[in-house]
Amino acid sequence: MNEQQRLASQQANSSKKKEEKDYSKYFESVYQPPSLKEAKKRGKEEVKIERDFGLPEEFRNFGTGRKFYIRTYGCQMNEHDTEVMAGIFTALGYEPTFSTEEADVVLLNTCAIRENAENKVFGELGHLKALKRRNPDLLIGVCGCMSQEESVVNKIMQKNQHVDMVFGTHNIHRLPYILKDAMFSKETVVEVWSKEGDVIENLPKVRRGDIKAWVNIMYGCDKFCTYCIVPYTRGKERSRRPEDIIQEIRHLAANGYKEITLLGQNVNAYGKDFEDIEYGLGDLMDELRKVDIARIRFTTSHPRDFDDHLIEVLGKGGNLVEHIHLPVQSGSTEMLKIMARKYSREHYLELVRKIKEAIPNAVLTTDIIVGFPNETDEQFEETMSLYREVGFDTAFTFIYSPREGTPAAKMKDNVPMEVKKERLQRLNALVNKLAIEKNNRYKGQIVEVLVDGESKNNPEVLAGYTRTNKLVNFVAPKSLIGQLVKVKVTDAKTWSLNGELVEEPIEVE
């Protein structure tokens with residue numbers, strides 16, 4: 001670690017952000033701004049599991065004759081939260097619409113992980129202001145991760161007074177009450193809980209499709225990487241009980257779903273909060289191997305918690321797919337230390353070795369940040385060399401974006417933007433080079449494809465994904481949508497494969 005990095009790290013841990021005048025009177029008394037000091041205070045209170053969600057009689061037909069619209073930003077967790085909110089709206093009697101002009105309620109389900117995502121939300125709120133003028137009865141709401149940031153709520157209260165309601169990630173189940181309050185209140189209704197929520201089971205859902213489904217296995221994150229806002233916006237780690245997860249997946253399988261993605265901010269930490277049983281992600285995956293469903297995958301994993309038992313179970317195959325998304329963020333041990341990732345370059349490479357030994361055909365993908373405070377040219381080159389050594393199939397790459405309230409935001413962001421862009425360009429060139437090399441190896445191979453639907457670029461072509469998450473385009477009857485088929489790969493591109501159908505749907509044993 002060089003001297004600049006050591007000083008920056010010390011400053012991040014010691015400096016305190018000045019409190020600004022805000023609108024905290026609008027918050028419930030339990031709300032606290034997202035600061036490292038407060039957010040690290042993980043309470044020892046037992047997480048309650050509520051299994052009796054239901055709508056009181058006062059909400060029956062509450063939304064009859066009304067329509068709702070939800071715009072979702074961010075990760076799969078947000079997408080799944082939107083499915084839950086759509087389920088609650090539908091239970092209230094609302095109908096969905098794809099037009100804000102037709103909607104009686106517009107919700108923006110937001111993402112806080114990068115500044116660009118927040119800018120998009122405030123831009124959309126600006127567009128909705130004109131719609132509110134034309135339709136004063138329209139209810140506009142902001143929910144999701146941005147709502148957990150007090151500075152964001154302050155900005156909404158100051159500059160976006162046409163917003164009727166703001167609520168966070170921990171109280172989605174209270175949507176009916178929030179809607180009712182917003183409908184009859186002259187002021188913006190703000191219901192944001194800093195205290196992490198309980199685990200609410202049996203919430204209604206309107207799933208996006210009938211082929212693949214997302215299933216939450218846990219909520220929150222306790223890792224506190226210095227650049228990441230998620231531990232503040234999603235709260236402490238809380239795991240669902242295994243019996244509830246297995247029951248939900250069995251129900252989805254019985255209803256014809258072919259693929260399940262297990263969701264969590266850090267799925268590898270699943271079960272670490274259980275006090276009555278020793279049960280982790282490896283144990284859950286071992287039980288899910290016995291469920292009659294074609295594919296099980298998970299996201300997102302943290303290298304720190306990726307244990308040998310999980311690797312052993314994944315090596316058994318079956319319905320457990322060979323694709324693993326394993327964010328590394330940097331190839332430099334010094335940068336990883338400043339990021340508080342709690343593993344080294346050597347640890348990561350050893351983990352990759354174990355995975356490839358247990359699962360010889362494993363496909364690995366990753367996330368990488370460039371331009372983190374004080375990142376040197378040499379440290380960036382370590383990231384490039386690690387990428388080559390692992391041989392990732394692809395990566396999500398990002399320029400570092402400071403998030404207010406995180407330790408990294410207190411570090412001096414002293415890597416010039418032109419340097420950040422140049423590094424990102426070089427990294428992306430490497431990502432693209434390896435991606436086409438990896439895809440070229442599929443030429444002539446026959447792969448199993450789960451058919452999602454029509455190609456976005458050509459309705460005469462079908463598109464689907466392999467077990468290793470490769471997009472495959474091919475011509476076939478639309479009756480095969482939702483089926484598992486065999487496709488011979490005839491051509492490879494950087495981000496997709498082309499092929500020919502070689503046989504009828506596969507029977508899943």
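Including glycine, each Cβ sits where the backbone N, Cα and C put it.
Record features (Swiss-Prot):
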- Cys75, Cys111, Cys145: [4Fe-4S] cluster 1 binding site (BINDING)
- Cys221, Cys225, Cys228: [4Fe-4S] cluster 2 binding site (BINDING)
- 1-13: compositional bias 'Polar residues' (COMPBIAS)
- 16-25: compositional bias 'Basic and acidic residues' (COMPBIAS)
- 66-184: domain 'MTTase N-terminal' (DOMAIN)
- 207-437: domain 'Radical SAM core' (DOMAIN)
- 440-503: domain 'TRAM' (DOMAIN)
- 1-26: region 'Disordered' (REGION)
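Taken together, the residues in the domain 'MTTase N-terminal' (66-184) have a mean pLDDT of 94 on the 0 to 100 scale.
Counting only same-chain residues six or more apart in sequence, the Cβ atoms lying under 8 angstroms from the Cβ of Cys221 ([4Fe-4S] cluster 2 binding site) belong to Cys228, Val230, Pro231, Arg234, Glu237, Gln265, Asn266, Ala269. Sequence-distant contacts of Cys111 ([4Fe-4S] cluster 1 binding site), defined as residues of its own chain at least six apart whose C-beta falls under 8 angstroms from its C-beta, comprise Tyr73, Gly74, Cys75, Asn78, Ala117, Glu118, Gly144, Cys145, Met146. In sequence order, Lys223, Phe224, Tyr227, Ile229, Val230, Pro231, Gln265, Asn266 are the same-chain residues whose CB sits within 8 A of the CB centroid of Cys221, Cys225, Cys228, the residues recorded for [4Fe-4S] cluster 2 being left out. For Cys225 ([4Fe-4S] cluster 2 binding site), the same-chain residues lying six or more positions away in sequence with a CB closer than 8 A to its CB are Gln329, Met339, Ala340, Arg341. Under the three-state DSSP scheme, Cys221 ([4Fe-4S] cluster 2 binding site) falls in the coil class. If you count neighbouring Cβ atoms within 10 Å for each of the binding-site residues Cys75, Cys145, Cys228, the highest count belongs to Cys145. Within the domain 'MTTase N-terminal' (66-184), the DSSP-based counts of helix, strand and coil residues read 64 helix, 23 strand, 32 coil.
The [4Fe-4S] cluster 1 site is defined by Cys75, Cys111, Cys145, and by the 8 Å test on Cβ atoms against their centroid, the other residues of the chain that qualify are Tyr73, Gly74, Met77, Asn78, Thr110, Ala112, Ile113, Ala117, Gly144, Val230, Thr233. Mapped onto three states, the DSSP output places Cys228 ([4Fe-4S] cluster 2 binding site) in coil.
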